């Protein structure tokens, strides 16, 4: 049965109810943001010195190095680095735009811009030194891990937008692999990686919540006044 009722009048498609995941994402994103700021303070108070857990984890990774695992660790370091994940983000923006999912394209682009805008200056401000035996990096500053932050942001944003369980599995796998890789190559202290993870979770969740809220608001305005520009086809996808 279509949208035409028995009297022959045509009714407009209602705007979908707010995504029930929005409140969960808001709570998770807010908690991650608080933890990220707290960790940043702890790291800043420690100056250039690593935390005790950093030293313990670093020694554990160095002692466990093997040729096969080093090859595995280089895969996300090279293919999924900050530049690589930004390239993936640009590809996603292009695909969503071609599919007329403009709000999803905006979501991905905004999340990437924000996570880079937060992480890059913070690394310079904190000025934390990387492990002396780093195999991967030439840049001195260490907190937070940009690789981990951008990878987490892109993958969680993609999982939130596509709403498929297997995308979440892929996202978790890739983020964990990236986080492990950064410490296995001694490119970061483990607290740098945790900081990048928290930053990525906070940005991905909070940006998604904000874009979803704006999308619904624009759709309701369009329904109330169809003369206003709007595209209900992009309300939920």
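Positions of Cβ are set from backbone N, Cα and C atoms, glycine also.
Predicted automatically and left uncurated, TrEMBL annotations should be read as such.
Annotated features, as they stand in TrEMBL:
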type     : residues : note
TRANSMEM : 23-47    : transmembrane segment
TRANSMEM : 68-99    : transmembrane segment
TRANSMEM : 105-126  : transmembrane segment
DOMAIN   : 105-208  : domain 'Phosphatidic acid phosphatase type 2/haloperoxidase'
TRANSMEM : 165-181  : transmembrane segment
TRANSMEM : 193-211  : transmembrane segment
Looking only at the domain 'Phosphatidic acid phosphatase type 2/haloperoxidase' (105-208), report the model's average pLDDT. 92
Would you mind listing the long-range same-chain contacts of the transmembrane segment (23-47), meaning Cβ under 8 Å and 6+ residues beyond its ends? 122, 126, 128, 143-144, 160, 191, 194-195, 198-199, 201-206, 208-209
Within the domain 'Phosphatidic acid phosphatase type 2/haloperoxidase' (105-208), how many residues are helix, strand or coil going by DSSP? 78 helix, 2 strand, 24 coil
